[in-house]
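Annotated features, as they stand in TrEMBL:
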| type | residues | note |
| --- | --- | --- |
| DOMAIN | 24-151 | domain 'CMP/dCMP-type deaminase' |
| BINDING | ASN65, VAL66, GLU67, ASN68, ALA69, CYS70, TYR71 | substrate binding site |
| BINDING | CYS76, CYS110, CYS113 | Zn(2+) binding site |
| ACT_SITE | GLU78 | active site, proton donor |
Amino acid sequence: THTHTHTHIHTHTLTCDLNIMNSWSPEALVRKSQEAKEQAYCPYSKFRVGAAVLTSDGTVFTGCNVENACYTAGLCAERTAISKAVSEGHKSFKAIAIASDLEDRFISPCGACRQFMREFGSQWDVYMSKSDGSYKLMTVKELLPCSFGPDDLRARENH
């Protein structure tokens, strides 16, 4: 009986989380990014980062930073999450949440991640969080104003 009760509670919790993600509350997305942070592979910097990206159809993909002894070969959490989504056929995004262990300030995406996000549009939301789950909302466009993107290359084709 105890095992059955535990299974039922776990299933109920999972169902609630899925329902939250389908209607996508920012808090639920931040929570997913915090969970992803737990998988971070960062033996060099010890700076754990997690990300959760919400696709236009309501699917969430998570990612963590993956460092490498050849430092420049490392991957940020945001690019990991977005690459997972793209590799599964998703190219339209509503939001991304980013988490770290920073307590006194919101985690901000690096320049490379801002450009990577911009590839898939500038009008989607970025939730930059603190370790306590509080967050600051900005759009990709606000994080990377006057940006270069796919439209700039398409414009070249028309000349």
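The backbone N, Cα and C atoms fix where each Cβ goes, glycine too.
A TrEMBL annotation is a machine prediction, not a hand-curated record.
The Cβ of ALA69 has fewer other Cβ atoms within 10 Å than any other of the binding-site residues ALA69, CYS76, CYS110, CYS113. In sequence order, ALA40, TYR41, GLY74, LEU75, THR80 are the residues of the chain that are 6 or more apart from VAL66 (substrate binding site) and have a CB within less than 8 Å of its CB. On the backbone, the CA of ALA69 (substrate binding site) and the CA of CYS76 (Zn(2+) binding site) stand 14 Å apart.
Here CYS110 (Zn(2+) binding site) is positioned 9 angstrom away from the residue listed as 'active site, proton donor', judged by their C-alpha atoms. Closest in space to CYS76 (Zn(2+) binding site), of the binding-site residues given as ASN65, GLU67, ASN68, CYS70, is ASN65, taking the CA atom of each residue. Cβ neighbour count for ASN68 (substrate binding site) (all protein chains, 10 Å cutoff from its Cβ): 12. Straight-line distance linking the Cα atoms of CYS113 (Zn(2+) binding site) and ASN65 (substrate binding site), rounded to a whole number, equals 12 Å. A Cα-Cα distance of 18 Å separates CYS70 (substrate binding site) from CYS110 (Zn(2+) binding site). Most Cβ neighbours within 10 Å, among the recorded positions CYS70, GLU78: GLU78 holds that distinction in the structure as shown. Counted within 10 Å of its Cβ, the other Cβ atoms near ASN65 (substrate binding site) come to 24, all protein chains included.
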